[in-house]
């Protein structure tokens, strides 16, 4: 019910301003009451959400509050300071909204992933902005700020921040691995809030008509409403699948395409203009520094990931080395590719005797055909649970032992990419050995 108040206030304020009852700035201040009201609702929601979700909702509330407060205070500042006030509110709102998105459950579970999302977004946003600067702005307005000076510089900085923030917003929302609907709704809300503020700053700088300013302010009204609707859905899990995170430019098309676009824009500018102004060169340096920082972090991230894998491998090896289970990994052709150390202790089987041989070749000639047939059936129609197969296995001392093996299909797991077989002594014979007749 309270959420519907913001659009009503927005509509009445616009009608009053267009009718001449209210000045345009007072009407914009009244419009700012909508984001402030949504911020109050988000704070109330954050107080009842779990710890992980409440932080994200709280930061989004502060972002909405910053956007609304800038509009509310707009009526009290001199005309020359209106755009600067909105730019400050836009910058603060951008930082708070991005932090809120990153803290929502399922968007970025660790600080490394959060920093990676930001660096990816910064790289994409600044590369696209740089290409637009060289291909669109420079041909139309010239390679400089022109006579407007500080006002044009403020507009450029606002749109540079907007480009990077919007790219980060899209990446964070699209790569959420849990509560995807909530993340997408919050991402759409943040995009509307930031885009509306950025456009409004430029329109105020250009002294545009009040109707255009009111249209831009609509984003600051609709966006917080989407933020509240999205944050209230963080208890609805819709997708638990993860998203792969490439760590280099070659493995990440999302970053490769904007960087390639920036390179093409640079070549085109050199071919048509021939020189770079200080402003174009500054934006180019920002592109290089951002991409270099992202790749430097990628190197650090890969090293941390390698250290984690080494630790997990060492832990796995210690567990397997102390286990009495004889474990073997078979590939798609049912060839033994790995066996646990327990194979040497329990059956006297060395790696040279087992690795590279078909699993059925380890068993008695009378048992091998039926066992091979069972394994072929597993390849054609993999079961959901593990399957037991039995037969006489020849140990390293030339004796035959009755064994039961449980086979589990792990071909869809890249770390295994095969069948996981655990061999044990048959319960009917225990540890007894049956000598081969010949």
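Glycine too: its Cβ is placed from the backbone N, Cα and C atoms.
Quick caveat, the model's predicted, so the values are computed rather than measured.
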Quick check on the annotations: TrEMBL lists transmembrane segment for one of 29-47, 295-313. Which range is it?
29-47
Using TrEMBL as the reference, determine which range in 2-20, 59-77 is annotated transmembrane segment.
59-77
Spell out yes or no: are there three or more C-beta pairs under 8 angstroms between the transmembrane segment (276-293) and the transmembrane segment (29-47), with each pair 6 or more apart in sequence?
no
Can you work out which residues elsewhere in the same chain, 6+ from the ends of the transmembrane segment (59-77), have a Cβ less than 8 Å from its Cβ atoms?
23, 25-26, 28-29, 31-40, 42-43, 46, 85-86, 88-90, 92-97, 99-101, 103, 186, 189-190, 193, 197, 217, 220, 223-224, 227, 231
If you count Cβ pairs under 8 Å, which stretch among 29-47, 83-106, 252-270 touches the transmembrane segment (118-140) the most?
252-270
Near the transmembrane segment (83-106), which residues from the same chain, at least 6 beyond its ends, have a CB less than 8 A from one of its CBs?
50, 52-53, 55-64, 66-67, 69-71, 73-74, 77, 114, 117-118, 151, 154, 157-158, 161-162, 165, 168-169, 172-173, 176-180, 182-183, 186-187, 190, 193-194, 197-198, 200-201, 204-205, 231, 234, 237
Contact between the transmembrane segment (29-47) and the transmembrane segment (252-270) (at least 3 Cβ pairs under 8 Å, separation 6+):
no
So what's near the transmembrane segment (152-172) in sequence-distant terms, Cβ-Cβ under 8 Å and 6+ beyond its ends?
83-84, 87, 90-91, 94, 97-98, 101-102, 107-108, 117-118, 120-122, 124-126, 128-129, 145-146, 183, 187, 190-191, 194-195, 198, 201-202, 205, 254, 279, 283
List the helix, strand and coil residue totals of the domain 'PAS' (312-382) as derived from DSSP.
36 helix, 12 strand, 23 coil
